[in-house]
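Copied over from TrEMBL, here are the features:
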- A:Arg30, A:Arg52, A:Asp193, A:Leu194, A:Asn195, A:Arg199, A:Ser200, A:Asn211, A:Ile212: ATP binding site (BINDING)
There are 2 protein chains.
Amino acid sequence: MTDYETVSADVDDEEEIPEDHPRYQDLLTRHRIERGVEKGITHLQGMHAEGRGSAFDYLLGEETIPSADEAERVAAAHLLLAERPVLSINGNVAALVPGEMVELADAVDADLEVNLFNRTPERIEAIADHLREYGAEEVKGLEADARIPNLDHQRAKVDADGIYAADVVVVPLEDGDRAEALEEMGKIEIVIDLNPLSRSPRVAEVPIVDNIIRAVPNVTAHARELADADEAELRAIVDSFDRENALRTAEERIRSGEL
Amino acid sequence: MTDYETVSADVDDEEEIPEDHPRYQDLLTRHRIERGVEKGITHLQGMHAEGRGSAFDYLLGEETIPSADEAERVAAAHLLLAERPVLSINGNVAALVPGEMVELADAVDADLEVNLFNRTPERIEAIADHLREYGAEEVKGLEADARIPNLDHQRAKVDADGIYAADVVVVPLEDGDRAEALEEMGKIEIVIDLNPLSRSPRVAEVPIVDNIIRAVPNVTAHARELADADEAELRAIVDSFDRENALRTAEERIRSGEL
């Protein structure tokens with residue numbers, strides 16, 4: 001892929017990117033990830049991962065398809081039903097949707113927990129600071145006083161009163177091993193991933209095949225809309241969800257959509 | 001995309017990546033690009049572009065499909081017929097296939113020319129040095145004493161006795177604007193790009209839809225095989241090529257292949 005070079009994301013501030021630019025979302029995403037790398041919150045490999053994601057998004061048509069919108073509503077219902085919901089934040093999530101994750105945490109009364117593959121104290125601190133700049137009050141993940149079973153030591157670190165104790169976790173852009181280990185712990189897992197056949201969405205209770213930049217605000221919007229719904233209504237939404245259909249529909253869209 | 005995290009390319013030396021690893025090519029590619037960024041020869045956006053490419057490669061099955069092999073043979077024939085063939089090198093090409101480009105230049109008696117979108121004297125020097133480490137004797141692109149018509153100033157810079165005067169140019173991972181401008185200059189253009197619908201392969205005389213890591217050594221192998229062919233034989237190879245079919249076949253493979 002090469003056309004990236006003709007639409008430079010090389011602006012100092014994201015407000016310089018014209019919102020009516022046909023590649024607006026892609027430019028915004030690249031700009032945020034690049035700033036994340038520069039700020040030390042995103043690993044260089046995160047830039048590569050984002051590039052992969054952008055190709056799948058291109059194939060999806062760079063829009064929230066109806067089955068993803070439905071999955072986002074189901075995710076909102078799960079989060080509202082949860083007793084201890086936690087939103088997991090890695091370097092790409094922090095770079096791409098820091099304010100959006102803070103807003104979602106607010107809307108569903110969830111905790112935010114920093115959770116990194118390439119875990120260093122500096123990066124964890126930088127990400128926590130970054131989230132606080134966007135309004136986060138409490139950020140978990142710094143204690144790391146519990147372990148997810150069946151994962152190697154570094155990858156397993158979580159907070160005892162955070163992801164470890166959570167009943168519902170949102171793990172956007174999560175890697176397959178950890179997604180699987182969390183599922184084995186019996187958690188209700190909500191994964192956001194642009195490749196419907198990668199392992200994380202396939203093990204998730206709620207796979208959302210959508211760009212995180214569109215998905216997170218949309219989950220928040222659904223949560224606000226459902227704020228007054230009673231438990232029976234939320235359960236009905238959750239029970240009606242067909243995860244296999246969501247994955248299949250996304251795959252069909254990728255195969256048949258405009259390249 | 002996330003599974004990148006489970007297969008870390010975080011090794012000090014590429015020889016540490018096991019060749020029988022099912023994701024060997026992807027790991028090797030990411031490792032080389034990451035080193036390129038660290039060495040100052042690859043722009044951070046190159047990591048993103050490589051990620052995009054890797055998604056298309058995944059859809060292609062991460063192999064050289066028969067129509068790409070044919071295009072690589074045609075490219076070899078064009079290079080052998082050329083009077084002034086030039087291989088264009090940008091930051092991703094330098095990071096991914098420095099030795100392979102030097103070998104190809106050798107096999108077809110072509111010049112190497114550094115040609116950057118984000119052009120700075122430091123990056124040009126770093127890339128020229130990098131190519132020399134891999135055995136390049138002469139590296140063009142430092143003079144930049146000619147301009148490609150119909151491109152903005154920075155993007156247009158080339159060497160008068162290099163790309164400007166070339167009859168056949170290999171522009172792997174080229175952006176659409178420049179690919180188009182070179183085509184308008186009447187050059188025979190060979191483009192290597194993993195997305196068959198991006199603008200560069202669509203304007204190229206020879207579009208190669210393949211990973212550059214596989215494509216370049218294969219063009220070299222074809223060139224060696226054709227070293228004793230006479231002009232009539234080379235012309236017959238070149239004339240038999242159907243570029244539309246090459247693009248269509250690659251697109252079909254991407255749509256129907258295993259995700």
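A Cβ is built for glycine as well, from the same backbone N, Cα and C atoms used for every other residue.
All TrEMBL annotations are machine predictions without curation.
Positions of TrEMBL features highlighted on the structure.
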| residue | record | DSSP (3 states) |
| --- | --- | --- |
| A:Arg30 | ATP binding site | helix |
| A:Asp193 | ATP binding site | coil |
| A:Ser200 | ATP binding site | helix |
| A:Ile212 | ATP binding site | helix |
| field | Members of the binding-site residues set A:Asp193, A:Ser200, A:Ile212 whose C-beta sits under 8 angstroms from chain B | value | A:Asp193, A:Ser200
| note | Students should find that the Cβ of A:Arg30 (ATP binding site) has, within 10 Å, a number of other Cβ atoms equal to 25
| Cβ neighbours of A:Ser200 (ATP binding site) where a neighbour is any other Cβ within 10 Å | 29
| query | Got a sec? Which of these binding-site residues, A:Asp193, A:Ile212, has the most Cβ atoms within 10 Å? | reply | A:Asp193
| request: Just report the maximum Cα pair distance in Å for the recorded ATP binders A:Arg30, A:Arg52, A:Asp193, A:Leu194, A:Asn195, A:Arg199, A:Ser200, A:Asn211, A:Ile212, no decimals. | output: 24
